[in-house]
Every structure is written in C-alpha cells, then in structure tokens.
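Asks: Okay, here's the structure, questions in a sec.
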Amino acid sequence: MKTQEIVGTAPWAGGYRFLVVTSQYNSVVTDRLLSGALETFRTYGSDVESVSVVRVPGALELPFVASRAAMSGGYDGILALGCVIRGETGHYDAVVEGVTQGLTEVNSRGIVPVIFGVLTTDTLVQALDRVGGKAGHKGVEGATTLYQMARLAGALPRIAGGAPS
C-alpha cells in the first residue's frame, strides 16, 4: 500500500483571508516583522483587502486576539508577531511562557493555523538580526509558513473524509 503524503506549499495565496496580530511593544522590531510579512503576502498574491492587521499592546495580548479571530470563522490563518527581550527580572520568562502556551493552545484547537512569530531574545541586537539581519527575517518566514499551513489545512478535511473547507 502506498503512503499518501501531504505537503504544504505556498506558490500562490490568492483567495486566502489572513489575520496578522502584532504587538506594539518593542515596535522597532515588530514593525519590521510586520513589514516583512506584508511584503511576503503581496509576493504570494494576496491583495491588501485579504490581510487584516490588529495591533495589541504586548505579547501577552496576542493569544486573546488569535483565539477570537480563529473562532470568528473569518480567517484561513493567523500570524502572531511579537518581540520579547530579556530584561533584568524574571518577567521575561513569564511573558515567554504565557504567550507560547496561549498561542499553542489556540493552534492546537485545529480551527485555523496559528503561526508563532514571536521573537524571544536576550538582546535587541539579536532581535534585529532576525528581522533582516544575519539571522534571516522571521516575519517573512512566518508569512510563508502561514501560506503553507493554510493550503495544508484546506487539503486535510478532504483527505480525512471530512467536509471540505
């Protein structure tokens, strides 16, 4: 018996409706994450009306908006962008754990793909390296992953015998 392989690809994204929720905190980084993601959406064929952007105060607010958006049925996928930089207190660990658990929970519900695009770094320099510097561009990577997962999510119900999306 031949094993069926399903691969999420992202050659073209026309027809998808996406939400990008981004934190305002550390905006020197999150604005660049957002710009990279939006440029990637345009490259893959999304028009400006098919991508909504919601800005929240900080990283801990990302899961709330992602959860509401997933339950709304209005989106094919969600990209959560943020930046948490270690400080002198233990607050960093609490924020990183909270946002990671929250977004993972929303994604695990299986309603729509929720892509984790939250940078967690020790320094601002490390964060900037990840938005177009020597460590690539995590906004671009997040948008590309969202396209791949939206295509994959659209294929899974048909393969599993469920109703098409």
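Cβ coordinates come from backbone N, Cα and C, glycine included.
Sharing the feature lines straight out of TrEMBL:
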type	residues	note
ACT_SITE	HIS91	active site, proton donor
BINDING	TYR25, ALA59, LEU60, GLU61, CYS83, VAL84, ILE85, PHE116	5-amino-6-(D-ribitylamino)uracil binding site
BINDING	GLU88, THR89, ARG130	(2S)-2-hydroxy-3-oxobutyl phosphate binding site
Asks: Listed (2S)-2-hydroxy-3-oxobutyl phosphate-binding residues GLU88, THR89, ARG130 - what's their greatest C-alpha to C-alpha distance in Å?
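Replies: About 23 Å separates the two most distant Cα atoms.
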Asks: Taking the Cα atoms as reference points, how far is ARG130 ((2S)-2-hydroxy-3-oxobutyl phosphate binding site) from ALA59 (5-amino-6-(D-ribitylamino)uracil binding site) in Å?
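Replies: A Cα-Cα distance of 17 Å.
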Asks: Between VAL84 (5-amino-6-(D-ribitylamino)uracil binding site) and HIS91 (active site, proton donor), how many Å separate their Cα atoms?
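Replies: Spelling it out, the Cα of VAL84 (5-amino-6-(D-ribitylamino)uracil binding site) and the Cα of HIS91 (active site, proton donor) are 10 Å apart.
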Asks: Any idea what the Cα distance is from CYS83 (5-amino-6-(D-ribitylamino)uracil binding site) over to THR89 ((2S)-2-hydroxy-3-oxobutyl phosphate binding site), rounded to a whole Å?
Replies: 16
Asks: Sequence gap of 6 or more, C-beta under 8 Å: which same-chain residues meet both conditions with respect to TYR25 (5-amino-6-(D-ribitylamino)uracil binding site)?
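Replies: In sequence order, PRO57, GLY58, ALA59, GLY82, CYS83 meet the Cβ cut-off.
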Asks: Check each residue in the chain of LEU60 (5-amino-6-(D-ribitylamino)uracil binding site) that is at least six apart in sequence and keep those whose C-beta is under 8 Å from its C-beta; list them in sequence order.
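Replies: Non-local contacts for LEU60 (5-amino-6-(D-ribitylamino)uracil binding site): VAL95, GLY98, VAL99, GLY102.
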Asks: Far apart in sequence but close in space: which same-chain residues, 6 or more away, have a Cβ under 8 Å from PHE116 (5-amino-6-(D-ribitylamino)uracil binding site)?
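Replies: Once residues fewer than 6 apart are set aside, PHE116 (5-amino-6-(D-ribitylamino)uracil binding site) is near ALA80, THR100, LEU103, THR104, ASN107, GLY142.
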Asks: Given the recorded positions GLU88, THR89, HIS91, find the one whose Cα is closest in space to the Cα of GLU61 (5-amino-6-(D-ribitylamino)uracil binding site).
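Replies: Of the recorded positions GLU88, THR89, HIS91, HIS91 has its Cα closest to that of GLU61 (5-amino-6-(D-ribitylamino)uracil binding site).
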Asks: Around THR89 ((2S)-2-hydroxy-3-oxobutyl phosphate binding site), how many other C-beta atoms are within 10 angstroms of its C-beta?
Replies: 8
Asks: Counting across all protein chains present, how many other Cβ atoms fall within 10 Å of the Cβ of CYS83 (5-amino-6-(D-ribitylamino)uracil binding site)?
Replies: 28
Asks: Three states by DSSP: which one describes ILE85 (5-amino-6-(D-ribitylamino)uracil binding site)?
Replies: strand
Asks: Calculate the distance in Å between the alpha carbons (Cα) of the residue listed as 'active site, proton donor' and ILE85 (5-amino-6-(D-ribitylamino)uracil binding site), and round it to a whole number.
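Replies: It is 10 Å, counting Cα to Cα.
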Asks: In the three-state scheme derived from DSSP, which category covers ARG130 ((2S)-2-hydroxy-3-oxobutyl phosphate binding site)?
Replies: coil
Asks: Within 10 angstroms of the C-beta of ARG130 ((2S)-2-hydroxy-3-oxobutyl phosphate binding site), what count of other C-beta atoms is obtained when all protein chains are considered?
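Replies: Within a 10 Å radius of the Cβ of ARG130 ((2S)-2-hydroxy-3-oxobutyl phosphate binding site) lie 20 other Cβ atoms.
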